[in-house]
């Protein structure tokens with residue numbers, strides 16, 4: 001097979017809307033270019049440094065055909081591995097290599113992987129409101145667009161803002177009352193079922209804001225409302241408690257958007273403590289490890305619901321879609337609407353039609369990258385306040 005030699009690797013950060021999006025471009029000596037998503041919204045400049053200063057000199061002159069070998073080399077080259085910075089940098093290169101391979105084969109990625117398992121993947125999007133009435137309006141708008149799977153949040157992300165029993169001169173942050181949140185969430189599910197019945201598939205994100213005993217309690221309280229799944233009911237470092245949740249509730253559990261290391265998901269999958277894996281593909285190192293994770297999940301009956309937030313490039317969205325179209329155990333795709341400017345920077349990205357996402361059909365990933373327009377929207381970084389979640393006494397908590 002003719003070698004496809006890597007000539008250059010570049011990293012771009014663009015902010016066409018409210019998120020800093022990180023894109024990696026790999027160029028071969030034959031002039032073929034591939035693009036990948038390396039977005040780490042909270043640390044974009046660090047990812048760019050890793051790509052520019054470390055991965056670029058490591059990869060130039062190597063054969064782009066050998067994706068598995070190149071991924072393994074990038075993974076161990078720094079000796080220390082499996083962190084969010086390095087994984088995202090590796091992901092950008094890895095996705096770009098798959099993009100190149102698809103172009104060389106003349107196939108969209110899902111065909112390169114082995115073809116379709118389904119015609120389209122069901123999508124879900126986010127509904128929220130400060131009041132139940134506002135939440136209903138948000139749900140109604142999504143139903144009108146064809147969605148039948150909707151993530152519902154009442155008030156502040158995961159719950160409502162709390163001014164209860166706050167200390168004098170409280171530390172700045174996103175204050176959060178766990179007991180208030182739990183009560184409001186049960187009320188929300190009851191109201192949603194009363195209004196929409198059982199045809200609407202309701203998802204909810206706890207966003208790891210509970211203590212383990214509270215997670216058990218909430219899972220039991222939500223069981224009568226039959227949620228499609230409850231996401232991140234506990235943080236990764238408390239995942240051993242999922243056995244207790246499992247023993248006391250049959251609510252489907254989804255976990256994984258914060259995972260970086262295979263050791264974080266292996267036991268949960270093998271012991272069947274989760275129903276859905278929610279890993280962020282770039283956060284675990286790209287397409288190459290995502291395929292392996294998906295096959296592990298299939299062997300143990302765990303379904304795929306890749307993390308798909310607004311702070312990922314449309315290239316990453318398309319990768320999720322290609323994986324979902326191919327992989328038999330894919331369940332659903334998270335989908336966040338994009339601005340017109342973002343679509344101009346990344347032309348050809350997937351869209352939702354009547355509640356389903358369809359993959360690009362062009363060879364490779366199938367999403368373009370307008371460099372000139374991307375550079376017209378440069379990076380703008382500021383500290384993220386929403387991650388400074390605090391309990392009513394001012395204690396910092398997992399966001």
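Cβ from N, Cα, C; glycine included.
When Swiss-Prot records 207, 257, 307, 334 as binding D-arabinonate, the matching candidate from 272, 273, 278 it lists for that site is 278. Mg(2+) binds 231, 257 as Swiss-Prot records it, and from the list 205, 267, 275 the residue named for this site is 205.
Those residues of the chain, other than 205, 231, 257, with a C-beta within 8 angstroms of the mean position of the Mg(2+) site C-beta atoms are 206, 207, 232, 254, 255, 278, 307. Rounded to a whole value, the Cα-Cα separation of residue 334 (D-arabinonate binding site) and residue 257 (Mg(2+) binding site) is 12 Å. Counting Cβ atoms from all protein chains shown, residue 205 (Mg(2+) binding site) has 20 others lying within 10 Å of its own Cβ.
Around the Cβ of residue 231 (Mg(2+) binding site), the number of neighbouring Cβ atoms within 10 Å comes to 24.
The separation of residue 278 (D-arabinonate binding site) from residue 205 (Mg(2+) binding site), Cα to Cα, is 11 Å. Note: the D-arabinonate site is recorded as 207, 257, 278, 307, 334; in the same chain, 205, 231, 232, 254, 256, 280, 305, 308, 309 also have Cβ atoms within 8 Å of that site's Cβ centroid. For residue 257 (Mg(2+) binding site), the number of other Cβ atoms no farther than 10 Å from its own Cβ, over all displayed protein chains, is 22.
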